[in-house]
């Protein structure tokens, strides 16, 4: 309790806003998985399943309702990155896993086994530990500062490794093992997500500074980050639909 009290006392108003937005985001996103899953099942019963390349779910209103719910959650998540450091916001995304697991057990009648319960508990412990010990975020005065950090050799090397792994999964492992091994699709989503976190944070800072009077839309770096965010979101959405239909 003492650690929690010291942590709350050291929280800035922006961090509190980010914390509330991140928790709200997890609620919306966690619920959206369940609604989208029901929509995908319904669409798959009357068309080509998403897991084998079908897009009949685009005509299913239930899927679109889940999609809208997810968009609301992602907007809240995006706003959270603008106010709070990524190390504070990102771990709270694990809450969406717990919400999805509980709702799947109640609504979809999917049994939550012992290991599932243990996994949810570990998510709570891990997220809480990281959030309580999150360091203070450095002040960013321009989106070009984020660009300078993103173009440092270390991060460029990491990005190259991630992209190589993603393309290897998509063009080699997905055709052969996507239908039978859940980690192939999840691997694509997770790897792309590690890049999108940085881009979302950068774009959130750019918009926050713009609304405060320092226009960042004039910088090409802002639009470069926007393009990366859009590409990552589309890729993750595509393979997330595949994994929900094929393996869930």
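Please read every residue number as a count from 1 along the shown chain.
Cβ coordinates come from backbone N, Cα and C, glycine included.
Record features, source TrEMBL:
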TRANSMEM  16-35  transmembrane segment
TRANSMEM  55-76  transmembrane segment
TRANSMEM  82-108  transmembrane segment
TRANSMEM  115-135  transmembrane segment
TRANSMEM  155-175  transmembrane segment
TRANSMEM  182-203  transmembrane segment
TRANSMEM  223-240  transmembrane segment
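Listed as Cβ neighbours of the transmembrane segment (55-76) (distance under 8 Å, sequence separation of 6 or more from its ends, same chain) are residues 21-22, 24-40, 42-44, 46-49, 96, 233, 241.
Counting residues 6+ beyond its ends, the transmembrane segment (182-203) has Cβ neighbours under 8 Å at 77-78, 81, 86, 90, 143, 146-147, 150, 155, 159, 162-163, 165-166, 169-170, 173-174, 221-222, 225-226, 228-229, 232-233, 235-236, 239-240, 242-243, 246-247 in the same chain. Just going by CB pairs under 8 A, the stretch in 16-35, 115-135, 155-175, 223-240 that sits most against the transmembrane segment (82-108) is 16-35.
Cβ atoms under 8 Å from those of the transmembrane segment (223-240) belong to residues 74, 143, 146-147, 166, 185, 188-189, 192-193, 195-196, 199-200, 202-203, 206, 217 of the same chain, restricted to positions at least 6 beyond its ends. Outside the transmembrane segment (155-175), and at least 6 residues removed from its termini, the chain residues within Cβ reach (under 8 Å) are 149, 181, 184-185, 187-188, 191-192, 194-195, 198, 235. Listed as Cβ neighbours of the transmembrane segment (16-35) (distance under 8 Å, sequence separation of 6 or more from its ends, same chain) are residues 62-63, 65-67, 69-70, 72-74, 76-77, 79-85, 88-89, 92-100, 103-104, 107-108, 131, 244.
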